[in-house]
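Asker: First the structure, then my questions, so here it is.
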Amino acid sequence: MKEKSHDIQSLVAFCVGFAILIGDVNGGEYLIGVGSYDMTGPAAGVNMMGYANLDQNTAGIHFRLRARTFIVAEAESSQGARFAFVNLDAGMASQLVTIKVLERLKSRFGNLYTEENIAISGIHTHAGPGGYLQYLIYSITSLGFVQQSFDAIVTAIEQSIVQAHNSLKPGSIFINQGDVENAGINRSPSAYLLNPPEERAQYAANVDKEMTLLKFVDGASEKSIGAFSWYATHGTSMSKDNKLISGDNKGAAARFFEDWFTSSTKSSSSNVITNSSTSSNNGKSNGDAQKIKATGGSRCGKTTSQGSKVRKNDGSLFVGAFCQSNVGDVTPNVLGAFCTDSGKPCDFNHSSCHGNDMLCLGRGPGYPDEILSTKIIGERQFQKAVDLFKSASEKLSGKIDYRHVYVNFTDIEVELNGNKVKTCPAGLGPGFAAGTTDGPGVFGFQQGDTEINKLWKKLRDVLKKPSQYQEDCQKPKAILLSSGEMFEPYAWAPAILPIQMLRLGKLVVLSVPGEFTTMAGRRLREAVKETLIINGNGEFDNDTHIVIAGLTNTYSQYIATFEEYKHQRYEAASTLYGPHTLSAYIQEFNILAKSMAKGEKVAKGPSPPDLYSVQLSLSINPIGDLPPPNIKFGDIKQDITQPKSGSFEKGDRPSATFWSANPRYDLLTEGTYAVVEMLQGESWIPVYDDDDFCLYYKWKLDNTTWNSLATIEWEVPKDTSSGRIA
């Protein structure tokens with residue numbers, strides 16, 4: 001079987017290679033391909049990555065998560081320059097995920113896709129399953145490594161890249177830029193104000209509003225096949241109390257964009273079916289669900305689940321991705337932060353209320369409804385993307401190029417104003433424990449703290465007392481956790497980081513393994529652009545587009561400016577490598593920029609460790625294997641409550657609860673746990689599934705039997721055609 005598999009892969013590679021050789025005949029500037037694959041992961045009992053909240057364990061699905069990929073390649077030969085950019089509906093990229101994806105791709109494609117020309121970037125949702133990063137500090141709340149979560153992400157990345165590779169065809173890429181209004185504000189404005197006034201005066205706002213969008217167009221059919229955009233706002237519209245898997249506002253924007261494109265290119269929407277026999281019900285749906293009996297435990301396999309999907313992934317779907325940028329200090333909770341006890345604005349410098357960080361919370365535009373806030377912020381990004389997509393006219397052309405190096409960020413010497421300074425081993429300050437207005441941390445800490453009380457120092461020292469070198473190096477940060485000096489049972493924090501530059505004509509993407517604050521990102525972009533222009537021999541100019549792709553290839557928390565670092569709010573306290581971290585990034589990226597501009601190679605640098613074999617896991621296996629006596633899987637525990645009028649109005653939220661298995665037994669990848677069907681003639685047709693914003697799949701354990709229950713809730717959309725529901 002293996003030999004046959006390799007033969008098939010060789011044939012695919014030959015076919016793609018042939019397409020490349022004839023690419024110019026069809027007039028394409030590049031070869032382009034897009035792909036998308038389900039990476040939802042375990043929807044029950046797995047801690048979510050982002051808020052570090054021990055109580056925030058998955059308990060259902062708001063909508064599914066995906067890996068979305070575009071590949072662009074030169075059209076001259078089968079081995080021409082190319083790169084792949086992968087956008088994950090995940091909190092961030094993971095070094096271990098990157099390592100294992102590269103191993104799989106090497107077995108498929110040889111050296112065609114490597115660490116140098118693949119970028120894997122996270123959107124920073126805080127509502128996805130955790131346990132997939134290799135450094136200990138990022139898996140403490142998930143009780144260690146979660147194999148199922150890890151495998152779902154790795155497989156989705158691999159399959160999305162394979163799909164994009166196999167769909168490569170001659171085509172064109174257009175770029176457009178414009179401002180997104182009211183989708184993000186600065187959550188640490190007091191720190192931003194510490195940046196030099198003359199620097200701040202260059203910018204109209206204390207956040208970057210600009211979205212950069214790429215539009216991919218098939219050269220033969222002139223049909224758009226995808227769009228990828230970069231814009232900075234946190235994936236924290238969903239709160240730390242949410243337990244439904246969700247792509248948050250960027251995942252929502254992607255779903256809205258892809259559905260908009262599908263509906264706009266067909267005579268009827270892919271998820272609205274009109275039935276003449278039921279279309280005259282005055283906007284109501286007949287409550288016929290009670291007439292349809294439960295399946296009585298009929299087996300549901302992958303093909304059954306996939307057959308019920310509304311959007312079947314056959315490789316032909318439009319792919320719309322909303323990528324992350326310099327997001328460090330940008331929140332989608334645009335109404336501001338307020339005290340939960342008084343309703344008054346929080347303290348400006350510390351984001352606390354009467355000294356209590358736990359009482360200060362940001363409010364999204366749909367407050368107090370976090371799902372509405374997610375929808376609104378997603379729509380604002382989606383609507384701007386549609387505008388840019390429709391009006392995109394600047395066609396990219398020119399060289400494809402890339403540079404990638406590994407750098408030990410714990411010991412970089414930087415020349416600064418005639419002096420030599422150094423970065424430090426990774427360390428976290430007390431402001432890290434305070435959390436943010438998006439998700440407050442631990443009681444007793446405040447953002448801006450530069451002192452640690454004696455009790456916390458004693459507890460810290462039990463784990464690891466920071467060295468004197470570390471304390472001196474990180475000042476004015478006080479060391480709450482010297483993660484870069486902690487190696488038991490394995491490394492707590494990364495030391496060796498990847499940095500990467502991707503070039504597509506006059507577009508340059510800077511792949512950064514962390515969250516740059518607004519001003520930190522601006523400084524990096526300006527420095528790289530200047531270096532490219534100075535050394536580029538006319539290839540680069542002021543029209544060159546520089547984009548930061550945040551949370552890419554691995555994760556190393558935050559990067560604040562030197563001035564912001566002094567304030568030690570959350571972003572600065574989480575800037576791992578000390579006050580000169582940003583200066584080190586600028587120095588190392590300038591080295592890459594100079595080498596790219598001059599066409600020179602760069603040394604690879606020291607490889608990061610592969611810690612797969614030493615990962616620990618204390619997570620509990622799923623329970624609830626069987627339903628209670630005399631009950632079958634699929635039997636109804638709580639049926640839909642019929643409305644008094646006899647019909648459901650649009651906006652109503654009917655729900656039903658079933659005896660179910662734990663969803664961790666089968667992720668139903670590219671399938672669905674829930675479906676709403678409409679009667680069309682004699683057939684029930686799927687119209688909404690668990691990838692829709694209106695349909696909720698919720699899981700819990702029964703309080704008395706400890707068996708699994710699945711609740712399906714459907715918020716009837718306002719544009720739904722009238723009919724019968726099941």
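Backbone N, Cα and C define each Cβ position, glycine as well.
According to TrEMBL:
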| type | residues | note |
| --- | --- | --- |
| DOMAIN | 30-587 | domain 'Neutral/alkaline non-lysosomal ceramidase N-terminal' |
| BINDING | His124, His234, Glu515, Tyr558 | Zn(2+) binding site |
| COMPBIAS | 265-287 | compositional bias 'Low complexity' |
| REGION | 265-310 | region 'Disordered' |
| DOMAIN | 591-723 | domain 'Neutral/alkaline non-lysosomal ceramidase C-terminal' |
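Provide an account of the burial state, proximal residues and distances for the features listed.
Answerer: Every protein chain shown contributes to the tally, and the Cβ of Glu515 (Zn(2+) binding site) ends up with 29 other Cβ atoms within 10 Å.
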Asker: Measure the Cβ-based neighbour count of His124 (Zn(2+) binding site), defined as the other Cβ atoms within 10 Å of its Cβ.
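Answerer: Taking every protein chain into account, the count is 27.
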Asker: Pull the DSSP breakdown for the domain 'Neutral/alkaline non-lysosomal ceramidase C-terminal' (591-723) and write it out as helix, strand, coil residue counts.
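Answerer: Summed by class, the stretch gives 14 helix, 39 strand, 80 coil.
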Asker: Determine which residues of this chain, when His124, His234, Glu515, Tyr558 are set aside, have a Cβ within 8 Å of the centroid of the Zn(2+) site's Cβ atoms, and list them as they appear in the sequence.
Answerer: Gln324, Val327, Gly328, Val330, Gly514, Gly550, Leu551
Asker: If you count Cβ atoms within 10 Å of the Cβ of His234 (Zn(2+) binding site), leaving out that atom itself, what do you get?
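Answerer: I count 29 other Cβ atoms within 10 Å of it.
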Asker: Within the domain 'Neutral/alkaline non-lysosomal ceramidase N-terminal' (30-587) only, compute the mean pLDDT.
Answerer: 93
Asker: Over all shown protein chains, what is the count of other CB atoms within 10 A of the CB belonging to Tyr558 (Zn(2+) binding site)?
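Answerer: Cβ-Cβ neighbours of Tyr558 (Zn(2+) binding site) within 10 Å number 25.
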